[in-house]
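Visitor: Copied straight from Swiss-Prot:
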| type | residues | note |
| --- | --- | --- |
| ACT_SITE | HIS699 | active site, proton donor |
| BINDING | ARG15, GLU16, LEU17, LYS18, LYS114, ARG520, CYS521, TRP566, GLU610 | 5-methyltetrahydropteroyltri-L-glutamate binding site |
| BINDING | ILE436, GLY437, SER438, GLU489, ASP604 | L-homocysteine binding site |
| BINDING | HIS646, CYS648, GLU670, CYS731 | Zn(2+) binding site |
Amino acid sequence: MQLNSLGFPRIGRRRELKFALEKYWRGESTQAELHEVARELRRTHWQWQVAAGIEQVPVGDFAFYDQVLTLSATLNAIPDRHRGEGAIDLDTLFRVARGRAPTGTDAPASEMTKYFNTNYHYLVPELKQDQVFSIAYEQFFDEVAEAQALGYKAKPVLLGPVSYLYLAKTVGQDFDKLSLLPNLLKAYAEILARFAAQGVTWVQLEEPILALELTHEWQAAISESYQALKTAQVKILLTSYYGSISHHQALVSALPVAGLHLDLVTAPEQLALFANALRPDQILSVGVVNGRNVWAAEVDLIVERIGSVARDLCSQDGSRLWIGTSCSLLHSPVDLEVETTLAPTLRQQLAFAKQKLLELANVRQLLQAPESVAAKEIVNTCLARREAKAQAADAKVIARVAALTPADYERVSEFTERQAVQQRKYRLPLLPTTTIGSFPQTPAIRGLRSRWRKGELSDAQYTEQLQQVTRDTIDRQLKLGIDVLVHGEAERNDMVEYFGEQLEGVGFTKNGWVQSYGSRCVKPPLIYGDVSRPKAMTVDWAVFAQSLTDKPVKGMLTGPVTILHWSFAREDISRDTIATQLALAIRDEVVDLQHAGIGIIQIDEPAFREGLPLKQSEWQAYLDWAVNAFKLSAAGVVDETQIHTHMCYSEFNDTIAAIAAMDADVITIETSRSRMELLNAFEDFEYPNEIGPGVYDIHSPNTPSVEAMVHLIEKAAQKVPVRQLWVNPDCGLKTRTWDEVEPALKNMVDATRELRRRLG
């Protein structure tokens, strides 16, 4: 009974890779020094895995930027603009990812987008109609040799051919990506032959698209691919993750592969279905430890769930069952051992990547020797952990959720009635101008926060300094002539962490970093218990800012769905229950802001779409509870209080009904890069509420002209009635400088005034 590691985080437990990359990019180290850091990380991570009982270490999970990009380089699928004169090398990959590198000519970076429904981002392969695939980069093979030289048995892991094509985009002429499959399969066959020549036994080919609802053409591509690769002199472990593949069971079970890996964390019900169809010569790898979360596995319950199938397989041949993580541990922080300041009650609930390896060994221990002393200790630990969790439950929060009624989710009046009341109260001009919330987080502001956290500034000194920043932010907006102001969020380091630090049931780590892309790492909050708000979180800052002007200043909050999706959320209750608890906490803040005289309140939901399940047939169930969570957070106010929300997506057509159901008085969205084409969804749906389509791209340092913004506002007015329109940037301005922000906002206000003159 082997233990199966699908992949391990590459960043290092103290983000060693991040710092080495950035040092190299700044020109402060050599490529040889960067490679040495990478080798040491791989060596350490392999050592940990072998020490935990992993017999075949994953190789190919390490990447200097992104594993999909590494595969593109291996396949010679690099855009021409990034190639340079010589062979593909590491700097080539950096030019693809970042648009520049220490060597070579700068060129626009490739597109980056989220990997399925995770918060990890991959570089989208760009494929031409005449694309020729061939081995052009040696990293995979070099690392196999490196592992073998250290005495380890290597199991290469790489994205399968069909998922690779699915994730790619076509460039140049419009054509069917699947027309490239035959040539791609020849390259994959060559890769597998190279692995075989190195003495590799097993290769993990990942086809995460199996968790999607695939068309007939893509299903046929799966079948064609693995028929073509069946002659390889290596054993293929066909690997799925992020969801059930039971809807493709007949297809998958017929494939000529030596083994199959199932994600039993997201879809435990598929075990029996595939186990019953397993051929006598196949192995089954069961992904039972969650690779995407931080919570200690309930090992005893896992064994209860898989026990009968496991015993049946092992009675035939003990080597036919592998115990694995649900997916790569890439999505988990590296090592709990470096967390020295966590409360013991929270620490005992956690397992990071290194600890999850030991959990695999614990599952095997319970399966093989359930009566042993070690097994009984494992069970007792699980029981004690669950008992502690039960004792920590907040009865008041649970009772409050249980007592909710349908009326708690609805505003007092319909939108048209609220709109009339709000227009009389605020008397805003046609095309009111506003911003999305944050203003530049200058080095001075970051320095203040750092000194305060170190104890070099008292709370009073810190508050006084930030009040001066807020005065300046309000003053700048008044001089620009913006209609609805914001306080600028100088006191906030992160839009989720700021709220999480003030909520009961939410904790934070010092080193719980996970890779988002390249050298960018994030440290998500831990929602470990029932969530409540012990006291007001933003009211003082909103009231202070409002005291500086007669113009309305928006209260700024992060919505419950976004806080949930950007956190590691507990697994012992449903995600919709957690969202409801968060919504009640935000609702309390909304009500307090209203009572303090803040009449316009924005509840941001940038991650609303990120929670959509991979299978479209499951979308509605998610949208129902996500919409309800937002409505619950916003519904406790009177008609005069205007609720805004902000979303930044590239697609609205398939969720426009849900967005309308949220019933925000005003929604601001990211549209400038699409030249307002995204508004087609709102036009076709006849979206009833007010909308602020972004009129300039805040991600660019360029100053948009008055004429360009006039044109965009006019385009928007062709799609949405002008009296429903607001004017605003695409997103928050936190990452820009004041030298960039002020000219852009001045032009935005001037463009709006020009249109008001034209429209009378």
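For all residues, glycine too, the Cβ spot is worked out from N, Cα and C.
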Visitor: Near the residue listed as 'active site, proton donor' in space, meaning Cα within 10 angstroms, which of the binding-site residues do we find among ARG15, ASP604, GLU610, HIS646?
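Guide: Matched binding-site residues: none.
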Visitor: When you measure from the Cβ of GLU489 (L-homocysteine binding site), which residues in the chain that are at least 6 apart have a Cβ under 8 Å away?
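Guide: Counting only residues 6 or more apart in sequence, the Cβ neighbours of GLU489 (L-homocysteine binding site) under 8 Å are GLY437, SER438, PHE439, MET495, MET556, GLY732, LYS734.
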Visitor: Count, for each of the binding-site residues CYS521, CYS731, the other C-beta atoms lying within 10 angstroms of its own C-beta, and report the residue with the smallest count.
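Guide: Relative to the other binding-site residues in CYS521, CYS731, CYS521 has the fewest Cβ atoms within 10 Å.
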Visitor: Between ARG15 (5-methyltetrahydropteroyltri-L-glutamate binding site) and CYS731 (Zn(2+) binding site), what is the CA-CA distance rounded to a whole number of Å?
Guide: 29
Visitor: Determine the Cβ neighbour count for HIS699 (active site, proton donor): the number of other Cβ atoms within 10 Å of its Cβ.
Guide: 12
Visitor: I'd like to confirm something. Which of the binding-site residues, HIS646, GLU670, CYS731, has a Cα closest to the Cα of LEU17 (5-methyltetrahydropteroyltri-L-glutamate binding site)?
Guide: CYS731
Visitor: Using the centroid of the Cβ atoms of ILE436, GLY437, SER438, GLU489, ASP604 as reference, list every other same-chain residue with Cβ within 8 Å of it (recorded L-homocysteine site), in sequence order.
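Guide: So the extra residues in range turn out to be THR435, VAL486, MET495, MET556, GLN602, HIS646, GLY732, LYS734.
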Visitor: ASP604 (L-homocysteine binding site): which of the binding-site residues CYS521, HIS646, GLU670 have a C-alpha within 10 angstroms of it?
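Guide: Of CYS521, HIS646, GLU670, within range: HIS646.
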Visitor: Roughly how many angstrom lie between the C-alpha atoms of GLU610 (5-methyltetrahydropteroyltri-L-glutamate binding site) and CYS648 (Zn(2+) binding site)?
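Guide: Roughly 11 Å, rounded to the nearest whole number.
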Visitor: Between the two most separated Cα atoms in ILE436, GLY437, SER438, GLU489, ASP604, the residues recorded as binding L-homocysteine, what distance in Å do you get?
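Guide: If we measure all Cα pairs in ILE436, GLY437, SER438, GLU489, ASP604, the largest is 13 Å.
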Visitor: In sequence order, which same-chain residues at least six apart have a C-beta under 8 angstroms from CYS648 (Zn(2+) binding site)?
Guide: PRO606, ILE669, GLU670, ASP730, CYS731
Visitor: Of all the Cα pairs drawn from ARG15, GLU16, LEU17, LYS18, LYS114, ARG520, CYS521, TRP566, GLU610, the residues the record ties to 5-methyltetrahydropteroyltri-L-glutamate, which distance is largest, in Å?
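Guide: Farthest Cα pair among residues binding 5-methyltetrahydropteroyltri-L-glutamate: 29 Å.
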